[in-house]
Structure formats: C-alpha cells, structure tokens
Amino acid sequence: MKVLTTALLLVTLQCSHALSPTNCDASKPLAEKVLDLINKGRRSGYTFQLLRVSDAHLDRVETATIYYLVLDVVESDCWVLSTKAQDECLPAMRTSEVVIGQCKVIATRYSNESQDLSVNGYNCTMRSVSSAYINTKDSPVLVDSFEDSEPYRKLARKALDKYKAENGDFASFRVERAERVIRMRGGERTSYFIEFSVRNCSTQHFPRHPPVFGLCRVVLTYSTEASDLETPEYTDLICEVFNTEDLKNRSDMKPHRGHEHPHCDKHLCKLSGPRDHHHTHKTHEIGCPPPPEGKDNSDRPPLQEGALPQMLPGHSGPSGTNRSHRPPHNHSCNEHPCHGQHPHGHHPHGQHPHGHHPHGQHPHGHHPHGQHPHGHHPHGQHPHGHHPHGHHPHGDHPHGHHPHGHDFLDYGPCDPPSNSQELKGQYHRGHGPPHGHSRKRGPGKGLFPFHQRQIGYVYRLPPLNVGEVLTPPEANFPIFSLPNCNRPPQPEIRPFPQTASKSCPGKFEGKFPQVSNFFEHTPPK
C-alpha cells in the first residue's frame, strides 16, 4: 500500500509540474507567428488577427519548448487563399463585419529560429458579433449576419453570370460557395453584402500561370418593400483572382513575382457600365516553391506553410476531456516516411481499420454525406451517442456544429460542382470526395507546404446575441505526431491546461475594444 501511495504521489507531482504558466503579453510575439502559420495553412474563410493572448503555458522538454496557448482573434478582410501580405490585411473596418473567435493551440519550438516553430494542433470557434454589437433599440440600421450562407449562393451565381456576360475573360469562372452574408436594413433601403469564392473551370489552354480561383464581393441593394431578392435595384461586384503560382509563393524565403491577370493591371480596374459596377483585382506575393507534392488540409487549418509536424486526426473521449498520448514506441523516419503509407495501422486519410473513415473512401456503404446504412454515421451523431471504439474521427464538435465548409481544393479547378454533394456537408470540413469520385486532385494538387494531415479545425457558430459570450473551443488534438525527418522525435504532448496563468489574459488590442466583453476572460488587472 505504501509503495502504491508513493507511486501515485510521484505521478501527481510529475503532472502538477508538467506545464509552467507564463506571461501572456510576453508570449504575444510568438503567438503572432503561430497564428500566421495557422492562417497560411487554412483553405477557406478569412485570416485571423490576434486581439489578445488569453492564456499561455509552456513545457520544456530537452531542446524543445512546447507552448499551450489560448488566443483571442478577429477575422480580417483577407481571404485565406489571398496572396496579400499579412500587414496588408486589415481587421473589419465596420462593426457589421466583426467576427471574433478563440483558438486553443499547441505549438513547438526547437530553437529561437522562426523556421523551427511548428503547430501541433488547434481548435477555433468563431462567431459574428454584428447583431449583438449594433442592433440596439435606438439603432437606425439593423444588421443581420447569416451563419447559413448557402441560400444566398444563387444570388451570387446570378451576379457572377451577369458579369460574365459582359466580360468574356471571366466566362470560365463559377461560384464555389458563399463565404459571408450580411444584411443591412435602414431607411428606405435594404442591402445584402455577399462574399463568395470562385474558381476557374475551363479546360482550355491557358498561359503558364492562369488565374485559378478568387474571392468576389457583391452588394445587392433593394427598396425596403422588395420581396424578390433576384431583382436588385443596384449591383456592385468586385473580384480578386489568384493563380497557382501565387499559392506556391506564400512564404518569404525566395522572391518571385506573380503574374498579372491578362485584362487587369495590379490595381482595381473597372470592367462594366455605370449601373452594375464590376472590378477585378490582382494581387502579388513573393515566396518560395512548395515541398514535395502532397495533400492539403482543410480549415484546417489545416495548416499551410512552415515546418509543421505531420499529425494524425485527433481521437477524443467524451466532451471536455483531453486525450494526448505519447506514441507507443519510437517512430523513426525509416519506419514512417514523411510522405506515403503509414504502417502500424495508422491511416490518416486512406482506408481506416475497424470502421474509421474520417477521410477518403467509405467502404461497406459508408457515404461521406447524407444517410448512412446500418446505422453507421462516420461524421455525425452515432446511435446511442457512441462512437466506434470510443473515438470520434474528428474530435468533439461544440453544440453539434462541425467545421465550416469543405476544402476549397478538394476539387480540381475544372471539376464540375456536384449539386447533391458539394454543399450538403457545409459545416463539416474534411469530408472525403462524393461517393464514386476518386481522391485524385486536379491542377491544384500539392500547392501548399503545410503538412498533409489535418491538425486543426475552425467551427463557425451562430451569431452572438446581447449578453452572450463566445463559446470556448474544445482542446481535442491529434493523438500523436509522426516524425519530421529534419528534426528530432516529437516530444510528448500533455493535456491542455485547465487553469489559467496568473499573468493572463494579456492586453486587448483592437479597433473595437467593446468586443472584449464577448470573451469569457475579464480584462487584466
């Protein structure tokens, strides 16, 4: 009995000293670099900008330092696939566009060199604060932000079709999905602000680096009494297009000049008549070529640039628990190549033993979307609340919400959209392709140097109401990492800390300081 008590005491002491609280404000420079890695790895949505380091702990293991960070963020006006430099991206300029969030992140640094910083995993929850922030009884304008943007995709498609009829060089682009929808009502007018992603679907011969996809912003204005949204009184459309070479050059190690859209210079150019205004904008970026070809990640961030460890999808227990473990044995680069097959039964994207199929093909009638025969639900709720073998392939989803959208690059640039499958799983990123489609990728394959396995998720929850606060993200991270051949074996990742550092949260920075009221943490003393 004494031996058992001593052993338990030693384990308790070891765990209690595993993580050291650290100063949030002092952690800000590192947090900004971590957030930049996350932004560069995501495939849809808008880039995050740091508002505050809300909590920070660290763990030193030999030559590595592992950081456990809670970051308060706000969406910028830059789409994640934009090639703009981060310092060119602005936070929301109007309160009607403010979307805030919080991310729990685990990152590892092996030295003080920025290239030795990598992201092990992250979970973010995002919510619009427009309605809660603006809509008061005295407000002359009412603002609504719509979580479900799919009903407005038709309006975006109609606006794009009208633009394409007037501009033949844009004829091969189609609407991918509506990314953000805001309605403003006031006076005698109602306006819809719709931002939507587009891709080039032409199979014709293009110059060396054709524009492949982009982001469009359309303003549709109606009279207050208008009930037919398909006939706006005024339409204003602006598009920003990107090409594959731009995406390859998203790091700043080696300069490379982007290529211009054939009909525009690097500034905004007007391409239509006075009633319906349309513009395109070509951006530039400098960077370096990508690493060996591989699968990109979804909002996942999915992460994109930098040397990130290769991770398996997270396995989590019941909601609110953390399950981070050391690998059962050492995995060398010889045992597990950095790219390719993974022995020992680990299959992050291919076929999964024991019925686990979070990505890729779904045998035995398991479909990535829709109904699942025999009661199998690889991505939604499981009968009686049980997941196969106690593991959920994507971790716990807050309030039943799944990561937003699908991977923008899941389809090649010339693949037609699937009406039945393309957007059914709009709130669950990371699905495999529609049943019957292969995982082969189009020209967009292998554009990003982020490691191939999805290591993070972004959950978009309904807009906040007055008096509500942001729902904190879960701390569900991958079960273990595979080695990076250029670094020593990954140190053990411990459960995410449940108590806050005494020197946190840090100083809140943002254009709208009142937004801090929507976070759980109170301002620092």
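Positions of Cβ are set from backbone N, Cα and C atoms, glycine also.
Candidates considered were Cys201, Cys239; Swiss-Prot assigns the disulfide partner of Cys216 as Cys239. When the Cα atoms are compared, Cys24 (disulfide bond) and Cys124 (disulfide bond) turn out to be 18 Å apart. There are 25 other CB atoms within 10 A of the CB of Cys24 (disulfide bond), with all protein chains counted. Distance between Cα atoms for Cys103 (disulfide bond) and Cys504 (disulfide bond): 15 Å, as a whole number. The average pLDDT computed over the domain 'Cystatin 1' (19-122) stands at 87. Helix, strand and coil counts under DSSP for the region 'Interaction with ATP5F1A' (41-84) come to 1 helix, 32 strand, 11 coil.
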